Amino acid sequence: MVVCVANPSLDHDAETKKRLTMMRRATAGGADPVNNPLRTSFARWRDLALVSCFAAASFAPFDAADARTRYRSYDRPKQKVEAPAPAPLNRPLFFVVNIGKQRVTAYSNDGIYAQAPISSGARGHATPTGIFNIIQKNKYHRSNIYSGAPMPFMQRLTWSGVAMHQGALPGYPASHGCIRLPGDFASRMFNATEGTERVIVARGDVVPMPFSHAKLPEPAMLQAPGSEQTASISGRMLANAVTIAEGASAADAQKIDVKAEAPDSANAGGKLLNPREYALTMTKIAAKTADEAERAASPARRNVEARVQEQRIAATDLRKAQIALSVASNRLDAADKRLARVGDNETKRTEAEAAKTEAETKVKEAQTQVETAERAKAEKDEAAAVAQKAFRQLDVTRSQAANSTLFWKRRLAPVSIFISRKTQRLYVRQNYIKVFDVPVTIRDPGKPLGTHLYMAMQPAKGGSVEGAPKLRWLSMTLTEPSEDLAEPRTRRRKGEEEKPRFAPNVSASSALDRIEIPEEVEDKISEMLWSGGSIIVSDSGISNETGEYTDFVILTR
């Protein structure tokens, strides 16, 4: 590398110094330094020095390593930079939609899972706020209201038409009430959800906060069913079907009684299971029972058909024997009458007596055949009755097993509890199906409770109560506008919009303090509660959006 510095004030010869002195004098005398001939000469000399310097630098040798360093980015092939893999999802999952900031946040058991911008309902089509659930999913859905408009990755919140789906995001509320999502976020969340997740929609920020309270229920640990009970139900059922199909008597068949209920302590496996683990175990037992019942149904049905056919044949044989007996009896009567008319003719009397004796023998043989046919028919009747009874029991068992499978599958879903100050009742739903509702006591029922959501999360590591895992809880409070607190119309200036005023905020802890739940109800809830379960407390009643195939929908606007 060549460095060249041209400085006319250093190491000049006598001629150069003389010209510099003359130029300074001319400038000091008021002459124009630009048009001064001496100044022009000096500038020419300086420019020539600089050109020579750059020319020397251009022909100077350079270091090859320096060149490789300078152009190394061009020597290497371009590498594709891959996006970082998304964090693994640790359920439960729920969403908080902030209408004011046009943003949705997905929360998992570990905290914030993902965030994305949204576009909610425009003026006149405002997105309703409150607590919702995903109740339907459709990857290629089209609108039933707006001329079949495409709504990819649709996740429905209400049956009246509100959903989350992929859509255009202009940066402001522009939809007809739905919550539009970016394409990648909509696709990712569509694949992540199971169809039961909570969705909170609010005009401001609703931040989940760690929460604990003495009145929050704890899950009950249940005794695991033993392996003997798991196999005994289906094995006994199949053995009955095979035994009856092979022609055994009713005494050889065992009574089939399958309800897939909790095992007694004698058959207990010893391990304690949380409610979801227990429901999963019982689902497997019920499914196996249903499968065995289905397998046993075909031979049992064929056995019934065979026994009924044998019953019909036995009835036919009995009828034939009875007809033969009737014919033999008529012949005996005829022989008696003939013998009475013979008189003193010995030859004819002998013939008549021989005919009567033969007729009597035929009658006895016919009577024996009738008795044999009656016994055979009775046996066939009994066999048919046993087969039909076994098939009916099997059909009942199959129905019970199917219902039990549905029941325990429902218990796998998160439980939802809603406490309403308006109705003074507690409602329980699981997998969108009503379980029960009971009255509860709320102190100071005239004062508002607010709207609060309590979410059960996975137990903390090492957290337990008397050996049972202790669930972590999050609380979220939705601030609601109160119509009662709105400013009177006369106090607002003309053209000024009415600004909603908000009711005093009741804390999540204070709301639970005022609610008294019967102990037996708490026990029932404990048998169904696990992570993903939720409790909603609200001043309002059940919304008209709550119906068949929905969870509790609480509208705050």
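Positions of Cβ are set from backbone N, Cα and C atoms, glycine also.
Annotation comment: TrEMBL describes 93-201 as domain 'L,D-TPase catalytic'. Here TrEMBL flags His165 as active site, proton donor/acceptor. For Cys178, the entry in TrEMBL reads active site, nucleophile. The coiled coil feature in TrEMBL is assigned to 318-393. As annotated by TrEMBL, region 'Disordered' applies to 482-504. Annotation source TrEMBL lists compositional bias 'Basic and acidic residues' at 486-501.
In this structure the C-alpha atoms belonging to Cys178 (active site, nucleophile) and the residue listed as 'active site, proton donor/acceptor' are separated by 8 Å. Secondary structure counts, DSSP: the domain 'L,D-TPase catalytic' (93-201) has 10 helix, 50 strand, 49 coil. Confidence for the coiled coil (318-393), expressed as mean pLDDT, is 88. Long-range neighbours of the residue listed as 'active site, proton donor/acceptor' (same chain, six or more residues apart, CB within less than 8 Å of its CB): His141, Met151, Pro152, Phe153, Met154, Gln155, Cys178, Ile179, Arg180, Leu181, Ala186.
Around the Cβ of the residue listed as 'active site, nucleophile', a 10 Å sphere holds 25 further Cβ atoms from the protein chains shown.
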